[in-house]
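> First, the structure itself, so that you have it in front of you.
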Amino acid sequence: SIILAEIFGTYFLIFAGCAAVAVNKRTAGTVTFPGICITWGLAVMVMVYSVGHISGAHFNPAVTFAFATCGRFPWRQVPAYAAAQVLGSTAASITLRLLFGGEPEHFFGTVPSGSDVQSLVLEFIITFYLMFVVSGVATDNRAIGELAGLAVGATVLLNVLFAGYATITALFYSPFLDFGCQQ
């Protein structure tokens, strides 16, 4: 079903990305920061190709809300998608806490180190960049194609690389996904 695709897609995305951070922390940096960026980008790409044809591969209430606002997604489905995304991210977080013992230092990636204004500006820029690419490859009939997953995954990789390196923001594009990862 569409909702299950969104739950599992969000689950595996959050599981892979946050697991890379936790493993890197636990192993004194063997994954490396570029490895974490690649993991996030590949996780998005793989999930877009795996379930995009079923649910549209939103994996993020911000994406769902943006599509609905632009008339590309029915408003009546927004609550179910948002609930599926929160459920998927929360389940991934619980799984990771069971695997890694729930130590807060393993999950430092969702705590911003910059000021509120810096975080707001950077989150706006990276979210706009993500939605610009997603809108270009996923909503324009002339651009829908086999490389949409690669384009979106590469955008996430670049956003994690830039915003994660800047360490200003929590880099989650969405408070709902951050909520799931904090559980």
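Glycine is treated like the rest: Cβ placed from N, Cα and C.
So TrEMBL has the following annotated:
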- 6-24: transmembrane segment (TRANSMEM)
- 31-51: transmembrane segment (TRANSMEM)
- 82-100: transmembrane segment (TRANSMEM)
- 120-138: transmembrane segment (TRANSMEM)
- 150-173: transmembrane segment (TRANSMEM)
> Thinking of Cβ pairs under 8 Å, which stretch from 6-24, 31-51, 120-138 has the most of them with the transmembrane segment (82-100)?
6-24
> Could you give the residue numbers and ranges of same-chain residues that sit at least 6 residues beyond the transmembrane segment (31-51) on either side and whose C-beta is under 8 angstroms from one of its C-beta atoms?
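For the transmembrane segment (31-51), the sequence-distant neighbours (Cβ-Cβ under 8 Å, at least 6 residues beyond its ends) are 5-6, 8-9, 12-13, 16-17, 19-21, 23-24, 57, 59, 148-150, 152-154, 156-158, 160-161, 164-165.
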